[in-house]
Amino acid sequence: MTVKAQNLIWGVKRKPIVRDVSLHVAKGETVGLIGPNGSGKSSLLRLLAGLKKPASGTVEINGKNIAQIPRKALSRELAFVQQSAATDTNVTVNDVIRLGRTPHRSALAGWTEADDNAVNQALDRVDMATRRRQPWQTLSGGERQRVHIARALAQEPQVMFLDEPTNHLDIHHQIEILRMVRALDLTSIIALHDLNLAAMFCDRIVVLESGEIRACGTPAEVLTPALLRDVFRVSAEITMGAEDAAPHIRFAAQ
Amino acid sequence: MSSNAMEGGASRLALFLFISVIVLMFAVAAAAAIGDYNIPVKTVFLSVTNELGLTKAEIPPIEQSVVWNLRLSRALIAALAGAGLALCGAILQALLRNALAEPFVLGVSAGASTGAVCVIVLGIGAGSLSLSLGAFAGAFAAFALVALLSNGATSGPNHTILAGVAASQLFNALTSYIVTTSGNAQQARDVMFWLLGSFGGVRWPDFYLLGIVVIVCLTICILMARSLDAFTFGDEDAAALGVPVARIRLVLFGVTALLTATIVSMVGAIGFVGLVVPHAARYVVGPMHMRLLPASAMIGAVFMVIADIASRMIATQQTVPIGVVTALVGVPFFAIILYRARPQI
């Protein structure tokens, strides 16, 4: 499924947050959204997912304007994973993943085989099948994030949006989560802070600065010392990987 | 595996509802039998079947009248009020994502008391009907203020709770002002007693009205139970799952306000039930609302009928306010649940 944004503008009161962003994401692509704090990554992600309404501009999913698709139908096409969403409710892994079926179920419909299959596949996909009875409160940060992704998968979406899914995770789990997302047969758009991880796991990288797209292209095209100095205000050396390998960034202390 | 779990959950709920209906029937029968003047259960049963036209048993007319006109209507209203308050509590705890939320958190009881005081002290209108109407009007005035302050309840849980706190403070202050400036000691006592809640004086017409309101509200809530589950991780998450967040919030806040205002205007502001029963129900059937809402309603109904029996038995020759009893009976029971459900760390 393709995602196409045209001239998106959005702001709070008189302060513009997203200024005139246009973006085209092809089917099956994994796109990384990077940029300094406050550059509008999260806001852009929410505009693309239809969780915020743009002041002007449109988002199209497979050529259809999402403003004209009812919210419930939209949630069968695209899923959104918040950064470390929490709850005090005493739910199990199974309960949480079943929530992903919400857009597929009517108010009183029973639990169907299709629902069951979607949940089981999602559980297998994130390797939590043996943990389905476990209470949410006893999961580690990495496990919680995996369950959130499984819940998004249970929606059976074509497009997945992830807002800093690796926040607060150790490096092993960061790589595990991103490898998992990349292996999914989905179009995914991920807001990320870690530039090396973005380079390793994304087909394309979009660099945001003050709500505008500063650069867009493959990691090797986009991640240059000049851009990192301008946008992130750091000096860095970049080693190009051989063949398919991702470029590697080494930041200088000064 | 999970379909088995689902069937297990559904049959567990069915079993629970079956048991609680039976317990409720026994509790209501007990409530009709027990009083200053005890009536045998057999007479209670025959009174009811006589009134329903099923039997023509010979029993003293006074006993039949006491059972049917006084005690049975009172017990059934207690059941409906308990069910309604527990239902409101469960819904508000989910919508506000706050374990301390209860039916009166949006200022409804404070508004109702101001309305009631206007009737009792200022003498606007007269008779019990206008007392109920005054309380109802006050309750809705408070809810309207909260809805206004929180942009139709779309400003997020904490903002809505703060709006409720502000409305409660304002209306409580108004109540105190009216009582202190124009009331005498007897009026102040009346107000105080009314605020603590009482099932004295309720009759069949109250039952029909409350029954319709409870059934309509429960139906709406069950239809929205799945959407309530989606609020587990917050508003935005619910929206991402396809739930029309603003509409659900507004409808459910409206439903809880209507239900709470109706109950408060009939029997006063009975505390504790709406806060605690949903937690007890969660302990039995889990946190998912398709099971939690009916279970809360049933537990609330049984609890309130038993509390009403206790309120008439604790002190001889007088009735302890029901709000006092719900806390006295409920706290030890709740303490056990809290203790058993404590985190195992």
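Using the three backbone atoms N, Cα and C, a Cβ is placed for every residue, glycine included.
Please treat TrEMBL annotations as automatic predictions, because they have not gone through curation.
Annotated features, as they stand in TrEMBL:
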- B:75-96: transmembrane segment (TRANSMEM)
- B:103-125: transmembrane segment (TRANSMEM)
- B:131-149: transmembrane segment (TRANSMEM)
- B:207-228: transmembrane segment (TRANSMEM)
- B:248-280: transmembrane segment (TRANSMEM)
- B:292-314: transmembrane segment (TRANSMEM)
- B:320-339: transmembrane segment (TRANSMEM)
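Most Cβ pairs under 8 Å to the transmembrane segment (B:207-228), among the stretches B:75-96, B:103-125, B:292-314, B:320-339, belong to B:75-96.
Here the transmembrane segment (B:292-314) lies next to the transmembrane segment (B:75-96) in space: the count of CB pairs under 8 Å, restricted to residues six or more apart, reaches at least 3. For the transmembrane segment (B:103-125), the partner stretch with the most Cβ pairs below 8 Å, chosen from B:75-96, B:248-280, B:320-339, is B:248-280.
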